[in-house]
Amino acid sequence: MGMSKSYGCFGYPLSIFFIVVNEFCERFSYYGMRALLILYFRRFIGWDDNLSTAIYHTFVALCYLTPILGALIADSWLGKFKTIVSLSIVYTIGQAVTAVSSINDLTDYNKDGTPDNLSVHVALSMIGLALIALGTGGIKPCVSAFGGDQFEEGQEKQRNRFFSIFYLAINAGSLISTIVTPMLRVHECGIYSQKACYPLAFGVPAALMAVSLIVFVIGSGMYKKFQPQGNVMGKVVKCIGFALKNRFRHRSKQFPKREHWLDWAKEKYDERLISQIKMVTKVMFLYIPLPMFWALFDQQGSRWTLQATAMSGKIGLLEVQPDQMQTVNAILIVVMVPIMDAVVYPLIAKCGFNFTSLKRMTVGMFLASMAFVMAAIVQLEIDKTLPVFPKQNEVQIKVLNIGNGAMNVSFPGAVVTVSQMSQSDGFMTFDVDKLTSINISSTGSPVIPVTYNFEQGHRHTLLVWAPNNYRVVKDGLNQKPEKGENGIRFINSLNESLNITMGDKVYVNVTSHNASEYQFFSLGTKNITISSTQQISQNCTKVLQSSNLEFGSAYTYVIGTQSTGCPELHMFEDISPNTVNMALQIPQYFLITCGEVVFSVTGLEFSYSQAPSNMKSVLQAGWLLTVAVGNIIVLIVAGAGQFSEQWAEYILFAALLLVVCVIFAIMARFYTYVNPAEIEAQFDDDEKKNLEKMNVYSTVTPVSQTQM
């Protein structure tokens with residue numbers, strides 16, 4: 001029996017307030033952390049796109065495998081309340097460890113702004129994520145069921161409304177966290193150097209998880225807490241195992257066949273349990289194709305976020321971060337669920353179309369497939385604008401003439417003529433082994449060979465200002481600038497060292513005819529102040545303005561002098577800004593969200609309606625398992641494919657889901673809907689009749705024999 005004090009508010013148990021707040025905070029914590037994860041792997045730890053995607057989906061798969069463990073612990077050992085509290089503690093510790101792992105200064109022993117022992121950060125990250133997966137997955141099947149336990153008989157209406165509020169809390173937590181945590185990430189923090197503030201962005205979700213735990217424990221005295229009733233899932237597994245073994249033992253032709261393979265369990269298990277398991281396995285069979293949907297759906301947080309990093313986030317007056325695009329899904333879900341229930345489905349019914357649950361799920365798969373076709377189209381547009389960076393056995397070189405006369409630079413197979421204060425036409429790519437000689441010449445001057453050990457896999461700028469005066473500068477950018485920022489470096493063509501301030505950042509002691517390192521800036525124009533002790537006249541304006549910076553570009557500013565002796569800026573583009581707008585992702589998010597509404601929500605309703613009353617948790621665990629398998633599919637396909645073009649991977653996933661969609665439609669065509677309540681009622685009637693017969697026999701007085 002459940003034990004609690006009787007508290008109520010507007011006909012609802014007061015205890016559900018604590019459960020709803022707990023769920024909101026927990027979902028904020030989970031989705032806030034998850035929104036950052038792919039960029040944390042890519043930019044902080046430094047993994048490439050494929051490895052980052054693989055680890056991300058491994059983590060998500062674990063989060064959906066551990067609910068089975070949570071259900072087992074709750075049903076057969078601790079009960080729901082103690083399971084939620086215990087695993088929430090594990091969850092909170094995991095979030096805290098992940099936040100600590102992202103502290104840049106933790107291993108920055110030489111204080112240069114870069115972690116000196118990445119393995120420490122990786123190890124802490126993996127420990128933290130493992131604890132989070134155990135915590136979030138373990139409590140997943142318990143919290144909503146624990147909320148449902150708080151209602152009395154006759155409160156079905158309030159219970160149904162509770163689940164609607166509960167679902168709203170999930171989406172509200174997801175929506176707010178995916179807006180807030182990327183905003184925290186773009187701030188800069190650190191002791192020795194200012195870097196993207198992952199500790200704050202991970203720390204806030206960790207704090208919210210602690211709040212979630214505290215709120216849940218505060219309501220302890222108001223909850224109905226039921227003792228574990230035994231492990232239904234264990235009974236199901238044992239019954240299926242016995243049926244298979246018994247069938248194998250009686251496989252010879254001398255034993256008559258039985259109508260269903262589960263009927264081979266009748267020697268040990270009662271017909272009611274066998275009938276219930278038949279209903280469950282019938283639905284589980286339909287689950288087989290479902291993981292393919294989740295394989296596509298969960299790439300919103302990995303591949304689609306990485307896609308957004310190469311796009312422009314300027315949408316009207318808004319500046320959208322790549323990981324904030326995931327909020328489109330949460331916003332559309334909150335809007336579309338009531339629209340589908342109140343408008344779309346009733347209209348379809350009025351048109352006389354029997355839009356069954358399985359038909360809806362088929363449509364959901366098709367829409368998700370089309371979402372990935374849209375993603376591929378967007379990717380093709382992005383690819384047209386992306387710079388090509390050198391491979392491991394290549395180098396890229398461009399020539400920048402900061403002198404007063406034209407210069408000729410000869411490379412193997414090419415001669416480049418660069419006029420004064422201009423650059424060659426972009427970066428030229430050379431195989432390291434074939435880059436045998438580079439020579440500089442100009443009219444009336446001898447040929448001067450360039451001697452420099454070019455580092456393969458990197459870009460280089462060859463600064464020239466006279467035939468015998470040159471400098472090779474290794475560029476520090478081998479990818480688009482992160483977070484949609486803009487990389488800016490300065491080249492000093494004057495004969496003295498300069499200090500340069502741009503916005504709130506300082507370039508200290510940029511020596512003569514040399515380049516600074518890149519520093520990164522947000523959108524807009526910035527003031528540039530040049531400090532000099534000799535060459536620049538005091539009468540000159542030393543505050544200049546940059547160009548209007550956009551998303552994801554890189555520029556070199558060469559500081560020269562006008563005829564008046566005053567400084568002037570010459571701007572050269574190193575990496576062009578992102579031109580494909582993130583708004584182009586909205587159609588693919590719209591399609592995937594439509595697919596989610598008609599697939600996921602309908603799938604849960606279908607599973608609930610087709611499951612026996614005591615086995616709904618078994619089907620819930622099976623449903624969550626399809627999500628885990630879907631993420632494993634991403635690992636297999638992405639790992640085996642190794643596509644050179646991302647759009648091709650999107651098309652592959654779309655094609656796979658389309659094939660699965662057809663298979664599922666055929667399976668659904670032959671599925672017969674059942675009413676578990678009617679079947680169980682029939683068993684109840686049969687048991688009642690048998691009991692009545694037994695009572696009749698027990699009331700007959702036996703005839704006693706007289707002893708002679």
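Backbone N, Cα and C atoms are what each Cβ position is placed from, and that goes for glycine too.
Look at Swiss-Prot and you will find N50 (among others) tagged as N-linked glycosylation site, backed by sequence analysis. N50 (N-linked glycosylation site) is surrounded by 14 other CB atoms, counting those within 10 A of its CB over all protein chains shown.
Note on N117 (N-linked glycosylation site): other Cβ atoms within 10 Å of its Cβ, all shown chains, come to 12. Secondary structure from DSSP puts N117 (N-linked glycosylation site) in coil. Here Swiss-Prot flags N117 (among others) as N-linked glycosylation site.
Sequence-distant neighbours of N408 (N-linked glycosylation site): residues of the same chain at least 6 apart with a C-beta under 8 Å from its C-beta are V415, V416, T417, V418, I440, S441, S442. The N-linked glycosylation site annotation in Swiss-Prot covers N408 (among others), and the record cites sequence analysis as its basis.
Per Swiss-Prot, the feature N-linked glycosylation site maps to N439 (among others). When secondary structure is read from DSSP and collapsed to three states, N439 (N-linked glycosylation site) falls in the strand class.
According to Swiss-Prot, the feature N-linked glycosylation site maps to N495 (among others). In the three-state DSSP assignment, the secondary structure recorded for N495 (N-linked glycosylation site) is coil.
Among the features that Swiss-Prot reports, N-linked glycosylation site is placed at N499 (among others). Sequence-distant neighbours of N499 (N-linked glycosylation site): residues of the same chain at least 6 apart with a C-beta under 8 Å from its C-beta are V506, Y507, V508, N509, V510, I530, S531.
Annotation note: N509 (N-linked glycosylation site) sits in a strand segment as assigned by DSSP. The annotation N-linked glycosylation site is assigned in Swiss-Prot to N509 (among others).
The N-linked glycosylation site annotation in Swiss-Prot covers N514 (among others) and rests on sequence analysis. Non-local contacts of N514 (N-linked glycosylation site) by the CB criterion (under 8 A, 6+ apart in sequence, same chain) comprise L463, R471, V473, I491, N492.
A strand conformation is recorded for N527 (N-linked glycosylation site) in the three-state DSSP classification. Under the heading N-linked glycosylation site, Swiss-Prot lists N527 (among others), citing sequence analysis as support.
Annotation source Swiss-Prot lists N-linked glycosylation site at N539 (among others), citing sequence analysis. Cβ neighbour count for N539 (N-linked glycosylation site) (all protein chains, 10 Å cutoff from its Cβ): 8.
Taken as a whole, the region 'Extracellular domain (ECD)' (383-585) shows an average pLDDT of 88 in this prediction. What Swiss-Prot lists as region 'Extracellular domain (ECD)' is 383-585, and the listing cites similarity to another entry.
What Swiss-Prot lists as topological domain 'Extracellular' is 22-53 (among others), and the listing cites sequence analysis.
The annotation topological domain 'Cytoplasmic' is assigned in Swiss-Prot to 75-82 (among others) on the grounds of sequence analysis. Through the fold, the topological domain 'Cytoplasmic' (75-82) approaches residues 142, 145-146, 149, 220, 223, 225-234, 617 of its own chain, all at least 6 residues removed from its boundaries and within a Cβ separation under 8 Å.
Residues annotated as topological domain 'Extracellular' in Swiss-Prot: 104-118 (among others).
The annotation topological domain 'Cytoplasmic' is assigned in Swiss-Prot to 140-161 (among others). Same-chain residues lying 6 or more positions outside the topological domain 'Cytoplasmic' (140-161) and placing a CB less than 8 Å from one of its CB atoms are 2, 4, 11-13, 15-16, 19-20, 22-23, 26, 63, 66-67, 70-71, 74, 80-81, 83-84, 223-224, 226, 617, 620-621, 624.
Annotation comment: Swiss-Prot describes 183-198 (among others) as topological domain 'Extracellular'. Tertiary proximity for the topological domain 'Extracellular' (183-198) is limited to same-chain residues at least six positions away from its ends with a CB under 8 Å from its CB atoms, namely 36, 39-40, 43-44, 102, 104-105, 108, 111-113, 204, 321, 323-324, 482-483.
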Sorry to bug you, but what's the C-alpha spacing from N539 (N-linked glycosylation site) to N439 (N-linked glycosylation site), rounded to the closest Å?
-> 41
When the Cα-Cα distance from N527 (N-linked glycosylation site) is computed for each of the glycosylation sites N50, N117, N495, N539, which gives the smallest value?
-> N539
How many neighbouring Cβ atoms, not counting its own, are there within 10 Å of the Cβ of N495 (N-linked glycosylation site)?
-> 10
Tell me the residue counts in helix, strand and coil for the topological domain 'Extracellular' (298-327), as DSSP assigns them.
-> 16 helix, 5 strand, 9 coil
In contact by Cβ distance (the transmembrane segment (620-640), the transmembrane segment (83-103); 3 or more pairs under 8 Å) | no
Considering pairs 6 or more residues apart, do the transmembrane segment (54-74) and the transmembrane segment (585-605) have at least three CB pairs under 8 Å?
-> no
